[in-house]
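According to TrEMBL, the protein has these features:
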- B:Arg108, B:Lys148, B:153-159, B:183-186, B:Glu191, B:His214, B:271-272: ATP binding site (BINDING)
- B:112-301: domain 'ATP-grasp' (DOMAIN)
There are 2 protein chains.
Amino acid sequence: MSSEPLAPGAVIGIIGGGQLGRMLAMAAARLGFKTIVLEPDSNAPAAQVANTQIVADYDDPEALQQLADLCDVVTYEFENVPVKAVQWLEARVSVRPGSKALEVAQDRLLEKAMARELGAETALFAAISERGDLDEAMDITGLPAVLKTTRLGYDGKGQAKLLRPEDADTAFEAMLGQMAILESFVHFECEVSVVAARGLSGEVRAYDVAENVHRNHILHTSTVPSGLGPEVQSEALEIAAAIARHLDYVGVFAVEFFAVREGDRHRLLVNEIAPRVHNSGHWTEAACAISQFEQHIRAITGLPLGDPRRHSDCVMENLIGADIGRTAELAGEPDAVLHLYGKAEARPGRKMGHVTRISPRTTRS
Amino acid sequence: MSSEPLAPGAVIGIIGGGQLGRMLAMAAARLGFKTIVLEPDSNAPAAQVANTQIVADYDDPEALQQLADLCDVVTYEFENVPVKAVQWLEARVSVRPGSKALEVAQDRLLEKAMARELGAETALFAAISERGDLDEAMDITGLPAVLKTTRLGYDGKGQAKLLRPEDADTAFEAMLGQMAILESFVHFECEVSVVAARGLSGEVRAYDVAENVHRNHILHTSTVPSGLGPEVQSEALEIAAAIARHLDYVGVFAVEFFAVREGDRHRLLVNEIAPRVHNSGHWTEAACAISQFEQHIRAITGLPLGDPRRHSDCVMENLIGADIGRTAELAGEPDAVLHLYGKAEARPGRKMGHVTRISPRTTRS
C-alpha cells in the first residue's frame with residue numbers, strides 16, 4: 001500500500017448514493033478530487049453533487065469494471081454493499097476501507113465476537129439458527145432480550161423484543177428464517193459513539209465522544225460533549241482504535257456503545273460498528289475544522305488526517321420526514337447549521353437532513 | 001417581491017462557473033436546493049458540483065430562456081456578466097442581486113460617485129475619455145495616481161501607475177481607448193473589506209471586517225480580526241449597509257476599503273464594490289457557522305439570514321498556481337481548513353484554492 005497521497009484531480013469512486021455519499025462527494029470536491037458515484041437511483045442525493053454517476057446496481061459487473069478503470073481509489077458509504085463486489089474490486093483498484101471491515105460489520109455475530117476478542121464488553125449474546133437455539137439462548141442472555149437478524153438490519157429493522165419466554169415463537173418468526181442473534185437487553189443510562197479515522201500510515205484520530213438519543217430506532221440527537229467522564233471517554237477511544245487496527249482499517253468508522261451507570265462512572269458495552277462515516281458524526285462539520293467526511297477522504301487518499309478537536313460544543317438533530325417543513329424556521333435560529341440532503345420525497349422515517357446547534361466550547365474534555 | 005422563502009428542491013440558476021459558483025452550488029446543495037450553472041466551459045469548477053450545466057455563453061439567448069424556464073431564482077458569481085442578459089432575465093424570473101448593482105459595479109466611475117453620494121470617502125478621482133482629460137485630472141488627483149479602465153478590470157488588469165506627468169502618454173495608451181478613471185494613489189496603512197448580506201426583508205448582516213494583503217494585485221491573505229478599532233469597524237459596516245440599501249441589493253456583497261492612518265485611528269476610503277461573494281470572505285466557511293456562500297443562498301431564496309458572528313479567529317491564504325503542490329503539506333497542518341477548486345491546470349496567477357488557519361477567538365470585536 002503506497003503512502004504517497006493522491007494529487008488533486010484524482011478520482012474517487014463512491015459505492016452508494018445516499019446522503020453519506022453526498023457529503024463525502026462534497027468533501028472530496030473541497031479537496032480538489034473528482035468523484036464517481038455508483039448508484040441505481042439517478043436522482044440520488046450523492047449523484048446530484050458528484051462529477052459523474054454510474055447508474056447501475058452495486059454489483060453490476062460492467063459498472064464495477066468502470067469503477068476499476070476510472071478510479072484511483074474506491075470507497076463505500078453504506079455497510080450493505082455486496083462483499084463479493086468489493087472483493088472483486090479490491091483485486092483491481094485500492095478499496096478503502098476494504099472487504100474485511102464490511103464482512104464483520106455485516107454480521108452482528110462476527111462484530112460482537114471481535115469486540116470481545118479485543119477485550120471490550122458487549123451485551124450477552126448467543127447465535128440463533130433454529131427455533132430450538134432460542135430456549136438455550138434465553139438462559140445465557142436472560143430476559144428481556146432482543147432478537148436481531150445477524151445481517152442487513154439497521155434503524156430497528158429486523159428486530160424483535162422478548163419480554164417473556166412466550167414471546168420466543170413470534171420473535172423467531174419475525175426473523176423470517178434468517179440467522180439471528182439474541183442479545184441481553186442492556187439497561188443503559190445513555191448511548192454514546194466514537195467516530196474515528198485510521199489513516200494509511202496507521203495513525204488513528206478520534207473525534208470527541210457523542211451522546212446519542214434515538215427515537216423509533218432512528219438517531220434523534222447527538223450531543224457533544226457527552227456525559228461520560230474523561231477516563232471512560234479514553235476507554236471508548238482505545239476500543240475504537242483497537243478495532244481499527246485489528247481490521248487494518250483505512251477511513252472513518254464509528255463504534256456505538258451502551259453506557260451503563262456503575263456507581264459514579266460508566267461501563268461501556270460495544271453495540272455496533274459502522275465501517276463508514278456515521279450519522280452520529282454529522283456534528284463534526286459544524287463544530288470541528290475538519291468534518292468526518294473530509295477526514296474519510298483524507299484517510300483514503302493518503303493525505304494526513306485532520307485535527308479532530310472541536311472548536312464548539314454542539315447538539316446535532318436529525319430532520320426526519322415532515323421535519324423538512326421546518327427549514328425556514330431552523331434557518332432563522334442563530335448558531336444553527338442546517339444541512340439538507342436533496343431528497344425529493346419526505347416519507348415518514350426518512351432522513352431528510354440535520355441541523356447542528358453550536359455554542360462556545362465550555363469544557364476541555 | 002414575495003418574501004415567502006423558496007422550499008427545498010427549488011432551482012437556483014448561477015451565471016458563471018468559477019470557484020465562486022462552485023462554492024455557491026455546494027452551499028445551495030446543503031440547503032436542499034438544486035443548481036443549474038450557465039457556463040461555456042464544460043469542465044468549469046462549478047459545473048463539477050452543480051446538478052445541471054447549460055454549456056453556453058453568458059448571453060446566449062436560448063440558454064437564458066432555459067434559465068428563465070427552469071429556475072426559481074437566478075444569481076451570478078462574477079460582476080462582468082452582460083447587463084443586458086441580466087435585464088432580459090429580470091423580466092422573466094427573479095434575479096438576485098439584479099442588474100442595478102451590476103451596472104454600478106461594472107463602472108468604476110459610477111461606483112465611486114455612488115460611494116461619495118452616500119457620504120463615504122474615496123480616493124480623489126476624475127473621468128478620462130480622451131488624452132487631454134488626463135492633464136486636468138492630474139491636477140485633481142495629484143501624483144502618484146493610478147489610471148484604470150472604468151470597466152472590466154480585476155486583479156490588477158487594465159491599470160497603469162502615473163508617478164510623473166511624463167507617464168501620462170504611456171498610461172493613456174495602456175487603456176486601449178477605453179473610458180478610464182484617474183485615481184489619486186492612496187498611502188494606506190492597510191486594506192480591509194466588509195462582506196455583508198442584505199436579505200429579501202431588507203435586513204443587513206455583516207461579517208467581521210477582514211484585513212487583506214495583496215501580492216501582484218491578487219489577494220494573498222485575509223486576517224480576522226483586522227487591526228481596525230471598533231469605531232472604524234462600525235463605520236465600515238454602516239457604509240456597506242448604506243450601499244446595499246441604496247442598490248436595493250439582495251445577496252452577499254463586498255466593499256473593499258483603504259484604511260489610512262490618522263493619529264490613533266483610521267480613515268476609510270471606499271475602493272471597490274463587488275456585487276457577489278468575495279475572495280476576502282472565504283474565511284467565513286471555516287470561522288463562522290454560516291459561510292458567505294450559504295448566506296448568499298439564504299438571501300436570494302428568501303430564507304432568514306444566518307448569524308455572521310465568527311467562532312474563531314483566522315487567516316485565509318489564497319493558493320495561487322503552483323501552490324496547489326502544497327496540498328499534502330497544508331493538509332498536515334492542524335487547524336488548517338483547505339479548499340481546492342477542482343481546476344485541472346495550475347497556471348501562474350490562477351486561483352487554485354485557499355486555506356484558512358483558525359485559532360480560538362481572542363477578542364470580541
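For all residues, glycine too, the Cβ spot is worked out from N, Cα and C.
Annotated features, which come from TrEMBL, shown on the structure.
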| residue | record | Cβ within 10 Å |
| --- | --- | --- |
| B:Arg108 | ATP binding site | 25 |
| B:Glu183 | ATP binding site | 23 |
| B:Val186 | ATP binding site | 19 |
| B:Asn271 | ATP binding site | 21 |
Discussion item. Quick check: in three-state DSSP terms, what is B:Val186 (ATP binding site)?
Written reply: coil
Discussion item. According to DSSP, does B:Asn271 (ATP binding site) sit in a helix, a strand, or coil?
Written reply: strand
Item to complete: Could you say whether, by DSSP, B:Arg108 (ATP binding site) belongs to a helix, a strand or a coil region?
Response: helix
